[in-house]
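Now, the feature entries from Swiss-Prot:
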{"type": "REGION", "residues": "1-20", "note": "region 'Disordered'"}
{"type": "REGION", "residues": "28-62", "note": "region 'Disordered'"}
{"type": "TRANSMEM", "residues": "133-151", "note": "transmembrane segment"}
{"type": "TOPO_DOM", "residues": "152-158", "note": "topological domain 'Extracellular'"}
{"type": "TRANSMEM", "residues": "159-179", "note": "transmembrane segment"}
{"type": "TRANSMEM", "residues": "194-211", "note": "transmembrane segment"}
{"type": "TOPO_DOM", "residues": "212-217", "note": "topological domain 'Extracellular'"}
{"type": "TRANSMEM", "residues": "254-273", "note": "transmembrane segment"}
{"type": "TOPO_DOM", "residues": "274-355", "note": "topological domain 'Extracellular'"}
{"type": "TOPO_DOM", "residues": "381-387", "note": "topological domain 'Extracellular'"}
{"type": "REGION", "residues": "446-530", "note": "region 'Disordered'"}
{"type": "REGION", "residues": "576-597", "note": "region 'Disordered'"}
{"type": "TOPO_DOM", "residues": "771-781", "note": "topological domain 'Extracellular'"}
{"type": "TRANSMEM", "residues": "816-835", "note": "transmembrane segment"}
{"type": "TRANSMEM", "residues": "838-855", "note": "transmembrane segment"}
{"type": "TRANSMEM", "residues": "872-890", "note": "transmembrane segment"}
{"type": "TOPO_DOM", "residues": "891-919", "note": "topological domain 'Extracellular'"}
{"type": "TOPO_DOM", "residues": "941-953", "note": "topological domain 'Extracellular'"}
{"type": "REGION", "residues": "1105-1146", "note": "region 'Disordered'"}
{"type": "TRANSMEM", "residues": "1198-1215", "note": "transmembrane segment"}
{"type": "TOPO_DOM", "residues": "1216-1228", "note": "topological domain 'Extracellular'"}
{"type": "TRANSMEM", "residues": "1262-1280", "note": "transmembrane segment"}
{"type": "TOPO_DOM", "residues": "1281-1288", "note": "topological domain 'Extracellular'"}
{"type": "TRANSMEM", "residues": "1289-1307", "note": "transmembrane segment"}
{"type": "TOPO_DOM", "residues": "1345-1397", "note": "topological domain 'Extracellular'"}
{"type": "TOPO_DOM", "residues": "1420-1436", "note": "topological domain 'Extracellular'"}
{"type": "TOPO_DOM", "residues": "1540-1550", "note": "topological domain 'Extracellular'"}
{"type": "TRANSMEM", "residues": "1582-1599", "note": "transmembrane segment"}
{"type": "TRANSMEM", "residues": "1649-1666", "note": "transmembrane segment"}
{"type": "REGION", "residues": "1923-1978", "note": "region 'Disordered'"}
{"type": "COMPBIAS", "residues": "1936-1947", "note": "compositional bias 'Polar residues'"}
Amino acid sequence: MAARLLAPPGPDSFKPFTPESLANIERRIAESKLKKPPKADGSHREDDEDSKPKPNSDLEAGKSLPFIYGDIPQGLVAVPLEDFDPYYLTQKTFVVLNRGKTLFRFSATPALYILSPFNLIRRIAIKILIHSVFSMIIMCTILTNCVFMTFSNPPEWSKNVEYTFTGIYTFESLVKIIARGFCIDGFTFLRDPWNWLDFSVIMMAYVTEFVDLGNVSALRTFRVLRALKTISVIPGLKTIVGALIQSVKKLSDVMILTVFCLSVFALIGLQLFMGNLRNKCVVWPINFNESYLENGTRGFDWEEYINNKTNFYMVPGMLEPLLCGNSSDAGQCPEGFQCMKAGRNPNYGYTSFDTFSWAFLALFRLMTQDYWENLYQLTLRAAGKTYMIFFVLVIFVGSFYLVNLILAVVAMAYEEQNQATLEEAEQKEAEFKAMLEQLKKQQEEAQAAAMATSAGTVSEDAIEEEGEDGVGSPRSSSELSKLSSKSAKERRNRRKKRKQKELSEGEEKGDPEKVFKSESEDGMRRKAFRLPDNRIGRKFSIMNQSLLSIPGSPFLSRHNSKSSIFSFRGPGRFRDPGSENEFADDEHSTVEESEGRRDSLFIPIRARERRSSYSGYSGYSQCSRSSRIFPSLRRSVKRNSTVDCNGVVSLIGPGSHIGRLLPEATTEVEIKKKGPGSLLVSMDQLASYGRKDRINSIMSVVTNTLVEELEESQRKCPPCWYKFANTFLIWECHPYWIKLKEIVNLIVMDPFVDLAITICIVLNTLFMAMEHHPMTPQFEHVLAVGNLVFTGIFTAEMFLKLIAMDPYYYFQEGWNIFDGFIVSLSLMELSLADVEGLSVLRSFRLLRVFKLAKSWPTLNMLIKIIGNSVGALGNLTLVLAIIVFIFAVVGMQLFGKSYKECVCKINQECKLPRWHMNDFFHSFLIVFRVLCGEWIETMWDCMEVAGQAMCLIVFMMVMVIGNLVVLNLFLALLLSSFSADNLAATDDDGEMNNLQISVIRIKKGVAWTKVKVHAFMQAHFKQREADEVKPLDELYEKKANCIANHTGVDIHRNGDFQKNGNGTTSGIGSSVEKYIIDEDHMSFINNPNLTVRVPIAVGESDFENLNTEDVSSESDPEGSKDKLDDTSSSEGSTIDIKPEVEEVPVEQPEEYLDPDACFTEGCVQRFKCCQVNIEEGLGKSWWILRKTCFLIVEHNWFETFIIFMILLSSGALAFEDIYIEQRKTIRTILEYADKVFTYIFILEMLLKWTAYGFVKFFTNAWCWLDFLIVAVSLVSLIANALGYSELGAIKSLRTLRALRPLRALSRFEGMRVVVNALVGAIPSIMNVLLVCLIFWLIFSIMGVNLFAGKYHYCFNETSEIRFEIDIVNNKTDCEKLMEGNSTEIRWKNVKINFDNVGAGYLALLQVATFKGWMDIMYAAVDSRKPDEQPDYEGNIYMYIYFVIFIIFGSFFTLNLFIGVIIDNFNQQKKKFGGQDIFMTEEQKKYYNAMKKLGSKKPQKPIPRPLNKIQGIVFDFVTQQAFDIVIMMLICLNMVTMMVETDTQSKQMENILYWINLVFVIFFTCECVLKMFALRHYYFTIGWNIFDFVVVILSIVGMFLADIIEKYFVSPTLFRVIRLARIGRILRLIKGAKGIRTLLFALMMSLPALFNIGLLLFLVMFIFSIFGMSNFAYVKHEAGIDDMFNFETFGNSMICLFQITTSAGWDGLLLPILNRPPDCSLDKEHPGSGFKGDCGNPSVGIFFFVSYIIISFLIVVNMYIAIILENFSVATEESADPLSEDDFETFYEIWEKFDPDATQFIEYCKLADFADALEHPLRVPKPNTIELIAMDLPMVSGDRIHCLDILFAFTKRVLGDSGELDILRQQMEERFVASNPSKVSYEPITTTLRRKQEEVSAVVLQRAYRGHLARRGFICRKMASNKLENGGTHRDKKESTPSTASLPSYDSVTKPDKEKQQRAEEGRRERAKRQKEVRESKC
């Protein structure tokens, strides 16, 4: 650490760089070389890497010098200094500082070998280089240069300007090279990659100037790269570009997978649709045959004829000829036309599947979903409707999956970047601490003592001031709210555990701050400290000490003050600065994350008695602030940063107002202005508090000089400003004035005034939304007067607030600044109302809508998220802007001329089209359009005018860089701005705003009136006592309604609230006894009439955060009752107040088959007839009937039958298309079937009523659904019977039968899960939808202001031409023409327009989904004034309105849906499957590994054949190399297939035929060889069967190709599918791990995606039935034609699949919006009685908008959410040390050692097996000792079980851990359950014990041999005696070690066996073995 510390501050740090300094460096370098020991073995290399010093991140070049160094001494600015960083002590470097303290590092070697660091020229160059003016000049030059680049036709003199620019850049580079050196050493010119850019740009400039290179414009485009220089000049941009490059690197795997998948799909497309898109309807030539027969030659050129466009059938209004196909379900030609291949492909010939490259482009377009509806319609028309399946596959796998994988990877890269920033901040904090420690040691003791005294004084002062003034209510939590990232959540879990540990330690130590024992203190804390509070906020710093814990704290003396507000916090909250900071782990060092969530459970309690003697003050906008005192500055991840006057960047909390004048301290609390009579704290006092506190809290160990330095750095402005503010902005002039202020304050601050203002905002918005075209003068007058009134009201509010609060405090609050701004604009608008062109100011009034955010948390959150994203993305936005600029200029330079010269190719009139690149603005628009995802159409134009290659490259680059990477980074940031806390607890910490207070007051008033009325009634009618509780119950029911529907704590009334022995409330229940609630958190619970009931499945157990203290019941019951009465809840609340009736039902056992009661208790009490005695008579029979019905209904067969009926009845609906009238039989069958189904469903419902009773039936949502659907069928059945079937109401009711399939939802588990998840998400989705609507409302009203009435135009219906403005200028001119020619000419309006707010919404939806937006934009850009004829691009800058809307309305708001859904997923996951939340990382690792290995077991390998030849072939075929060769052949086969084209020559066709034949032979050989070697086992493997089928088809296909292709699919298709086999080799390739992860993510997603697919199919089914019944007969135009329509069920499904991705929904909607005269009401349809072809606009709009929202925004986004979720899971899993693959390879290798799959391996084979495994499980040889040390259990026969080996090896990889044992036990049980074979084998020894035995045996043998050797020297008799004695002795010796020295068997044996018996057997066996050894030796 010491190496990283900075040198001590002060003048000593700054040492000029002299020749001596250089000599010292050289000396140190020489010393370090001598010290370096020679490198031994490479094993310690890694340790060396870690221990090596690293450069200090704070002292990197380009960063500001840390403030701890103080000011730069006089004369040392811009002078070379010795390096501050210890890392560079042994490197030749020096640093230079400029005035802004920016650090520049240079190489101390001579620059260009000539200029030493002490050379005058070099020093001058350095001075120039580091001067801020120099970089300013360069920056201005770059920007000016950029402006010049945008000129499409630069003037003559611009050439000279160009030379100037080149000169300046050359000068800059020369200065850099002289100052730094060229390229040899570190920190020289070319060592910085950004300088490469400069160098290349300058070189290109000179090259193009002096060398003639032909196409100069292409080279000139390189100048654009100069714009990139901005990145190197602006500091923050380099890092963001670094992040971008990182994410691009990470994308490599996804890119490979994407290209692979697209290639496969392109191949399939090539085989299926080759040449199809050239099929056109050609007029059959009349004289064709005659001219041919006369002279034996053709009379005309056939080729020319079929390629002549005039012979093709053209659809009116379409540019392309009609396509057709020869299959029955393809498009048909009109009479007289023949379908044949003719002409070129559609879209200039670029849309086709004729070659692999065009097919690939088509697939890429499909993947990015750009104008894919056109490709879809063309292909289906040419090939047939069945090929819709191909598109479904590509859209779901290709588009949704691959594109979102890119998003997932970019999001993950961003997340990692975030994490890195976080860790860096952590590291800096540690370094900072260490630094301060070092400084502390260097201080004189006297100074330290002085500091301590000063700190003491400060604390007393602070507390005294607080006590006197009663100020100190903390900073509002809304300011502290932060959009946290996922990592914060993970850290929170770790913190929970740490906190619990701390608390328990605190209790043991008796720490008074953590645990309060005394009763009096309890009481004090329960009352908390209460503070007068209003909206006047100032910032103020106070001590980091627990004020609550100081006995006699002045705060406590204020608890009786009338103006108090109840506020509470947990006791563990306030810590002394020395204790571990429990919040330091969070994103910013405030209590936001952990504490905010902790309290969210008990939010309602915060709303306390808010009345006070100064009742005007009870209306502060954010009341009941909870007191927060935070620890010293911790790392701040997502703080905003501001730059003060000194250029010092300071980090401030997220919501804090930057404009505040106070010196920004790090521990801030908001002070609220006091009640009357209080002294106002002067500015100077406040500033001094800030200073003292700063000294105390952050720098309590820093020297006095440093404190001053810090002071300066923290000040935002010079002191004179504070003086000015104090004098002029705080008005304290006269007592009368102060009195007036108090009165005004009383009025303005009341919650009811806030409510009134909010109502005014809503009304004002309504008034603005009521504008439309055309309006009557009276209505216009009403709106104008309304506007004046509202402007008056808001102006009055502003002035009154200014009086009440003083300007200084008024402008401290953001909302007030906002109000002031809007009021000023409104007043300005009134004064400038008549000025032409300023009507746009009216639009600013719309911003008032945002004032709703003050009282609407979700809107507030949305604005915060957008603000946060834009703020955090400032740099990224800049990068995006640079990218857009560069590409726009490149486009203009490269293609601008081509557009002008070749315009006739793309426009018949030879006029530039709307989308071109001839000037910068249009070029910018094209690039922006590409960013929006629409690139293909503009690219076609570009390719047509400027050549294919260049356009493809440029457009692809924009698409990939701009759209896929940068935009996804935007989206990733948006998603990371989301967190579960945001939507659940939007209102920060659930505190009340004034609106809620006023609503509560009103409710209390109503409730009080009710109670009084009820009491009055009681007195009159003498009701029974039992009814007395009812008013309260009703009150609480109402209360529950206003509370958000979160599960959590239910509070309900209960008469008997008891305490058990511990003083714990028994109402909490045993299941949650550990969650006993803190007194000061839960004093409201002490009410004897309350119990708390906690559902077990608490989402994220917030109770974990609470301390386990007893709940005391001291507070008075009455008070609590009142407090509960004004309880309300924010959205974030998890409390529901419910009547007592709703107790949790006890789970009944399944066998309990008695039906529930029929009626509710209320019914039975009121109607005695409902009470039935089931013991006797009719009652008994009724009961038996009910039980029988119950048995029937509960039976599985009944449910199956009903499902079958539902499916049949749904299927029947699909037949009711427009042809039903003609198919009489089907119609009759359907009519009868409908009746039968209706009767069956009625019977089912009656049975269920009887069985379940009305209560159970009607309390189930699914039953209600059934009931409503049956009711609809019943009504239509009765209407039919009575003959009313033709009534309009009945007809529309019949369409509701389309909802029948919904009944299937409750029956299919998979769909029900998805629906439940969706239903859970509905509140937040609706919330976001509502917020989006408000957001869009502003744009819609603005659109009405800008475009209302301007979209009309005069049009010739026959020629379909719009008149020019010189012929028709306005509506009057058009009407004159119409008089002359009434039928042809019309004054029309564009169908989608901005004539009113509703129409505006529809237009904006089309713009946001990028469908149909072009026509809307064109109309806007051509618009002039209301009722004037449009002029082509007459209002071109209106494009900007749409650009802004797309960024804010589409980008942010639509992507919020993804955010909300993902968020909901995470919340639900926590609720249900969140057991892993409570696992440590270590445990999780083990758990995952065990989960994987538990699911596998050894399989029996295919036995090797006994026949010798078969055996050889078997070995050959089963080798890995054989597989790889086959894979390579498959890939080669694919390549040859890619070469195929539609127009290939005969010769080419023959070559390909023979190549294909060779491959078929190869694959046939493979098949034959495998069948020969594997025998019948060949067919046990799925892949083999697949190969076999493909081979057979290929062989048959060779001979019968024509027949097969005619009736079936082309057999080549199967060869493409064979590519799937490549998946098998991915496992063998080490480098393919990333791709495996991606595929693994897909596999994991499949089940969930299947469920979502089912739901989507159901939605499509219902909508297509609905579409058939409503839009079957609409006119064929725009998107509806003979194939794509709602006439039949199939066609409807094809259309709905298309608009699932929102593609082309505008085209389908347009014909439905037709009203006469655009359509006819009398048009007859042959074969049907229906008349007319008009649509129904309102039904149509509802139909499409609801479908878009359900499918495109919700279901598709769920798909995205699942992919993102599973990708992160898969990535985590792939990061695990052991993956699924490792276990698979383990078992694969196991098969070779255990061919019979016995699950055992012999001990002698263990070493070979361990060595044969692959990393990480491999134990390389020599491994004997390591294996023995593993102590593996062995069974008889010296065999070891595979699971034991796997456990041991896993343990070796993961490391040992005590937490393993339980998991291991579980796994073993699981394995034994799935593999019963293990049970029979009990271990009798272990490898370690075996080794010990062997060693013992060797020792004994040696000893025994010794005895034998000595035996010859002794007499036989004596020897025999001795031998006898020694034998017994030896026996003892031999038996002892083997039993005594070995550990017991308990660890390896199963508990149910007798240990004794086993030990005995073991002893016998050993004795036997030793005897044998002895005998053999003898």
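Every residue, even glycine, has its Cβ placed from backbone N, Cα and C.
When each of the listed stretches 159-179, 1198-1215, 1289-1307 is scored by C-beta pairs under 8 angstroms to the transmembrane segment (1649-1666), 1289-1307 comes out highest. For the topological domain 'Extracellular' (941-953), same-chain residues at least 6 beyond its ends with a Cβ under 8 Å from one of its own Cβ atoms are 348, 350, 894-895, 898-899, 901-903, 905-906, 913, 915-917. Residues 1341, 1344-1345, 1348-1349, 1395-1397, 1426 of the same chain lie 6 or more positions beyond the ends of the topological domain 'Extracellular' (771-781) yet place their CB under 8 Å from a CB of it.
With DSSP states grouped into helix (H, G, I), strand (E, B) and coil, the topological domain 'Extracellular' (152-158) comes out at 1 helix, 0 strand, 6 coil. Below 8 angstroms of C-beta separation, residues 1234-1235, 1237-1238, 1241-1242, 1244-1245, 1248, 1252, 1287, 1290, 1293-1294, 1296-1297, 1299-1300, 1302-1303, 1305-1306 of the same chain, each at least six residues beyond the ends of the transmembrane segment (1262-1280), sit close to that stretch.
In terms of DSSP helix, strand and coil, the topological domain 'Extracellular' (891-919) has 14 helix, 0 strand, 15 coil.
Residues 158, 161-162, 165, 168-169, 172, 175, 223-224, 226-227, 229-230, 233-234, 885, 888-889, 892-893, 920 of the same chain sit 6 or more residues outside the transmembrane segment (133-151) yet have a Cβ under 8 Å from a Cβ within it. Residue counts for the topological domain 'Extracellular' (1420-1436) under DSSP, split into helix (H, G, I), strand (E, B) and coil, are 4 helix, 1 strand, 12 coil.
Residues 270, 274-275, 278, 352, 354-356 of the same chain lie 6+ residues outside the topological domain 'Extracellular' (1540-1550) yet bring a C-beta within less than 8 angstroms of a C-beta in it.
Within the same chain, residues 1192, 1226, 1230, 1233-1234, 1237, 1240-1241, 1244, 1297-1298, 1300-1301, 1303-1304, 1307, 1661, 1665, 1689 sit at least 6 positions outside the transmembrane segment (1198-1215) and bring their C-beta atoms closer than 8 Å to a C-beta of that stretch. Note on the topological domain 'Extracellular' (1345-1397): mean pLDDT across this stretch is 87. Beyond the ends of the topological domain 'Extracellular' (1216-1228), by six or more residues, the same chain brings 1665, 1668-1669, 1672-1673, 1687-1689, 1725, 1727-1730 to within a C-beta distance below 8 angstroms of the stretch. Residues of the topological domain 'Extracellular' (274-355) grouped by DSSP class, helix first, strand second and coil last, total 22 helix, 14 strand, 46 coil.
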